[in-house]
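Now, the feature entries from Swiss-Prot:
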ACT_SITE  1263  active site, proton donor
BINDING   193, 194, 195, 196, 200, 223, 232  ATP binding site
BINDING   1219, 1244, 1245, 1246, 1247, 1261, 1295, 1296, 1297, 1298, 1299  (6R)-10-formyltetrahydrofolate binding site
MOD_RES   814  phosphoserine
MOD_RES   816  phosphoserine
REGION    1153-1353  region 'GART domain'
SITE      1299  site 'Raises pKa of active site His'
């Protein structure tokens, strides 16, 4: 529905309001009373002169509005509001954007306004009001605060305020304003205020009288001259948004100023709708209100409204109808507007009229605006000065500094004849001077993450890793994964077993009491003991360490403990990951996870339930203490009971001077040396259970259906530490059985006749005997004599109680739809997943990788969008092992949290499983634990472990073969991926943006953008890597350390690379981060992927073959080359044109997003490609598909539009008399939707010449051939019949001919020997889905242009 609007006023503010309202498709006509020359030039606008309507005759305005069906009256200046225009209009039933006379008092009567603030607790300066000059001056001289601000209580056109330098000046102002009535009756009452110190900021807000919504903060410049010198004016310039007010301060203004004011008006029964303007001083004690205004500010309006994305008519209508809380209020992010006022000579005391103005731009543009404040036109159509403030020159840019420079330059290009113009050249300077002085550029180290410390740790633990090497290990630490060669072992039919473990809250004990090596040993022992359960030999181990602040000596001791365990088990420590996450972990906090890979002969896999016989023995091997079970609750309860763990132990070890902490921290017993030789013989041990979930629970895992047993502790003493624990915490015997190992760390099933437990397993005890199950009900495990044994050791410490302990380890069900394994994966008799080596590998190399998601998790937790981080986890791990040429085979994860929330954990877990599916990997298992001592209630951490296999001859990188001249091919990233998020958090904090705020670089929220999952490159690369000769010499996953640190991992020291940033897209998120955080280009390249998620090093002769596989589906491109490194001191990575690319992207963000219409006639597959591309911010297409038009009803393309939430129209050509009439209707609808660009995507209509001319340079088509060959229809048939070797597609400008317009992009597709029309068409479609978005990007960023007069480039 189209509406008519009346705007009252004639200045720059009203010009800006009319300009913004004209952009609303709901507004058909705007009348301005009395208006101005500039307003008259705005589309849809028309001036009303005083002869038609007297601006001071309110009744006549109301009557005219009724007669002319005015839907809304917008009052610009304060005077009509103060005189009651709003009341007259409301009485006549005409919606008025602006308050009535009572509401306008908030500006019109400064005494009333100050009293109002006092009544409602709104923070403001101290004050007194006077009608007597002598009393006012006496107060100034005696006030207990600097009473130096003198204000006329009434309206004085923004000039009735004097900020005096001293009491003498203030008294002089009293004499002028009150004594001489310089501003007439406006100064008959005087307000004398305290002089506040700080920066002034304007916060304007929309209100409907019930709710109030703040606009972006702005800063006005009141003084006439540079450096805030000279007299006060109505305002000499402004900029928006103003960075001087922080987000917390803005939130305080919302609550303590705006909301209190609206509530105060409600309490005083004053109806108020329109703008509530708060002029603020940012003092050391917080924001204080200097004044309220009842209307838009001038010149703030002129820099605020260009940043408003919402429809201004909708907002104003909502204010007048009490529905402001029902509409979204959206602003352009990442853009600043700066306006410089040009005033006539003599202003503010007088104004020089009639001076000729020259240099005015011909028209406003999206980045440059001029609004008229006091400008007239003579008979010769020359622009003349016609007031004090004549016009405002405005520039918009992604950089505040650039916007200020451009606005000042624009002002300087405009001149007034005669005495010339007055304008300031320092508008906004204060903001960026303060910003640059107080906010130096952020770095990753500033955000709490020290890459150098991580590198130092790697160097420190390399010798520890080397000390664990064994037959099979290839390479060392510092690459992308750990490598192990199976051929060096003696297995005939090897099967892979995997185990993931954590040490729980025992790490809290270790950190508190500095038992770092002990807990590192624990971690390895738990994982290695787990693989023994299937009869496997532990051969390789990875660790994951997470912390708030990396302390290299501490982390090195943790790893030393792991390395000691590895040596004891003859298992190799092949790699690990250290994650420094200051926003997830407090300084000093740590957690760890471990992953062990074992190998077992297929015929030796345990358990062998099929061999069980009644009479078989349950043999228990002694534990070394509590191991790692239940420490979260143990430590919590002991602390609550005020037990001092530094006291000498009253149980084991106390006689040797050990403290309780020493005893509790005793490392987990490692059983590899004891058991592995007997497991590999395979003749006696039928089953193994590692006791980690409590003795009772783990014995249950040994019993298949049909068997039971009775555990008898008559001859099995319980270690004293369990008695002490039960006595101190008043635990029940059942809880000790269910939550702790009771002195038994491993349980075996042996034949009744076996003597193994007597001869070869020191300390082994018979716990029970297997029996056939006699009854279905009841537990298959009964226990005798345990209570008695436990009571013996508990009685010295108070005896047993009835307290229970919660389960710390959690089990999550797998989603069968997502967790379907590869065919090599199978389950043993106990349901544990194992993996056969795929038969096509002749010399298989196991490749292991681990990683986490970093503080990206914090964003998931804060936005409650937790599913996608599981995909990130898989991506980070599998992308790493791809770099060694691996085929990902399996994946395991670790999940630890503060408070167990099952639905949350399931959501995270489903994401991990989805990632494993995308990576074509079997999901093996997740170790999950609730650890309140380590994590806050809503916090969790994730670690992942990937296993892949490569043929020995296919291992990457081929370091010796990489040479200068080799080509770099880049695969684009999907955004930030999962590294550098600590720096992201620091930037968000600096700029005061929240995760639910709209992203400054897209239409999504920041949370949505930052949580886009890391791209998994398995599908992209697996086909290539599976070929014997693929031409790829190296792959570099651009992960933590960015471009600068990851590409060198696949280079010799004598080589470097030269990248060209013009050849790959820098995702806008990085341009925004750089600007918002003042991050240097070097730091950006050292922290982030900058748009390249994976870099391939390819022999020059193989480039085309590689690109044939990757260009269209993956948007791969040549991005650089390998060069000789001439200076060993210089970086191995040089990125040319990076600054230019960065500036180009930042400039793009400062511009309005282009609005695109797509015209279709059918399925709309290219429409879908355009929608997907424009909604993927990483592709950097600064545009949105806003309208879809089809000439046919019911086609699939319309469904695609509906599913994407894009408005669509069916405009059938059959309903129109001629092609020209039909096309005119298209144009009408396109203009109503404010469309900038049109894409023809299978639109089966020949467009008329007038339509083509109307949209020339903004109208493009995609054609399924390599033009100029085969224009028109049936092009695939023509190409096949002609025996062509290749075909493809062309995106071109549309002109009056048939497919003759200038070409923008072409994409070639080979024609294969067995191709028919259908197969060739399908392959061309894939090329089209690459080419069309690429062409649109060129069109949007201005690299594809065509002259309006010609049809070829």
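Using the three backbone atoms N, Cα and C, a Cβ is placed for every residue, glycine included.
Here the recorded positions are 223, 1219, 1245, 1263, and the one ringed by the most other CB atoms within 10 angstroms is 1263.
Around residue 200 (ATP binding site), a 10 Å sphere centred on its CB holds 17 further CB atoms from the protein chains shown.
A coil conformation is recorded for residue 194 (ATP binding site) in the three-state DSSP classification, outside any helix or strand. Considering only the recorded positions 1245, 1247, 1263, 1297, 1299, residue 194 (ATP binding site) has 1247 as its nearest partner by CA-CA distance. Its Cβ placed at the centre, residue 194 (ATP binding site) has 17 other Cβ atoms within 10 Å.
Rounded to a whole value, the Cα-Cα separation of residue 200 (ATP binding site) and residue 1295 ((6R)-10-formyltetrahydrofolate binding site) is 55 Å. The distance from the Cα of residue 195 (ATP binding site) to the Cα of residue 1297 ((6R)-10-formyltetrahydrofolate binding site) comes to 72 Å. Here the candidates are the binding-site residues 232, 1219, 1247, 1299, and by Cα distance the one nearest residue 1263 (active site, proton donor) turns out to be 1299. Working note on the binding-site residues 193, 1295, 1299: by count of other C-beta atoms within 10 Å of each C-beta, 193 ranks first. Residue environment of residue 232 (ATP binding site) contains 16 other Cβ atoms, counted within 10 Å of its Cβ in all protein chains.
For residue 1295 ((6R)-10-formyltetrahydrofolate binding site), the nearest of the binding-site residues by C-alpha distance turns out to be 223; the candidates were 193, 196, 223, 232.
The full span of the recorded (6R)-10-formyltetrahydrofolate binding residues, 1219, 1244, 1245, 1246, 1247, 1261, 1295, 1296, 1297, 1298, 1299, taken as their largest Cα to Cα distance, is 18 Å. Remark: of the binding-site residues 195, 196, 1247, 1297, the most isolated position is 1297 (fewest other Cβ atoms within 10 Å of its Cβ). The Cα atom of residue 1297 ((6R)-10-formyltetrahydrofolate binding site) lies nearest to that of 223, taking the binding-site residues 193, 196, 223, 232 as the candidates. Under the DSSP three-state reduction, residue 1299 ((6R)-10-formyltetrahydrofolate binding site) is assigned to coil, being neither helix nor strand.
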